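> My questions will all concern the structure given below.
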Amino acid sequence: SLSAGLDLPGRFLFATLTLMTLIAILVFIEEAVYIYRKIPSSKRSIIIWINAAAPVISTTSCIGMWVPRSTMFTDFTAGIFFSIVIHKFLMMMIKECGGQKVLLRRFENGRFTISTGPCCCCCLCLPRVPITRQTLFWLKLGTFQFAVFRPVLIFLSIVLWTNGNYVLYNLSPKGPALWISCFIGALTLFALWAVGILFRKVRILLKCKNIIPKFALYQFIVILNHLQTTIINIFATQKIIPCAPPLSSTARGSYIAQQLLIMEMFLITVISRVVYRRKYHDLEPPECVDKKQTP
């Protein structure tokens, strides 16, 4: 096994990272109990799902670190979970505004700015879209499709992998890995675009709910779990990360990505506990806001 071949510093590193994962899980359990007791039932499950993202990614990374052959399954598990969390984050912003009906009343004459990242941040000529029930439905569909199709594509990848047809680091046009990865990447961009459009509209209204730090934590998880891991895997595939027997370049890249994720997700779990635990004032009903704006 891998642990038998580790020297003393390696064992100390593995033990420290495992301890950080266990602490992250305990912090999340304590936070979930607090949310269950203090948060209204309409928001309870959504906030617990979002808070669970970092501990789940840390746990899957820890399992992949100890059991190298499980890396594909642990990465896919983390990917499926986070695809659901992206949809939950969009739903949380709607809930924090008072629900869909109240949100539409607050912004009945407003417009969505769709020239935002990660898809259309450079397309400043795009028109602003009226905020209606239909446009809000399309935003929810943008994240919901990711929560549905990514697990399906991941299941297809596992089926092809067990049959020997799917090689994760084989990005040739003849292999399925390249096309599945490109399709998942396109779905990811559309989902993040939908969240970005809604966040840009409600960030000032929900400033009292600390939505900006919450969005920043969510963005950090996206960048670290997807972009950072992809870059490290590319470096490993191109042999920029050298092999260190008995580990190949790709195996070393996988270990580096997993160990970094454990440390980063531990910090995000602790910070999330502080951000989500604060007591916030409820937003004023739209009628009160309208009376204040009327001279």
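Here the Cβ of each residue, glycine as well, is placed from N, Cα and C on the backbone.
Annotations for this protein, taken from TrEMBL, read as follows:
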type: TRANSMEM; residues: 12-34; note: transmembrane segment
type: TRANSMEM; residues: 46-67; note: transmembrane segment
type: TRANSMEM; residues: 73-91; note: transmembrane segment
type: TRANSMEM; residues: 137-158; note: transmembrane segment
type: TRANSMEM; residues: 178-199; note: transmembrane segment
type: TRANSMEM; residues: 211-236; note: transmembrane segment
type: TRANSMEM; residues: 256-276; note: transmembrane segment
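Give me the structural setting of these features: burial, nearby parts and distances.
Proximity of distant same-chain residues to the transmembrane segment (46-67), defined by a Cβ-Cβ separation under 8 Å and at least 6 residues beyond the stretch ends, is recorded for 2-3, 14, 17-18, 20-21, 24-25, 27-28, 31-32, 35-36, 39, 74-75, 77-78, 81-82, 84-85, 88-89, 91-92, 95, 214, 218, 221, 225, 254-255, 257-259, 261-262, 265-266, 268-269, 272-273, 276.
If you look at the transmembrane segment (73-91), the same-chain residues 6 or more away from its ends with a CB under 8 A from one of its CBs are 46, 49-50, 52-53, 56-57, 60-61, 63-64, 139-140, 143-144, 146-147, 150-151, 154, 157-158, 191-192, 194-195, 198, 215, 218, 221-222, 225, 229.
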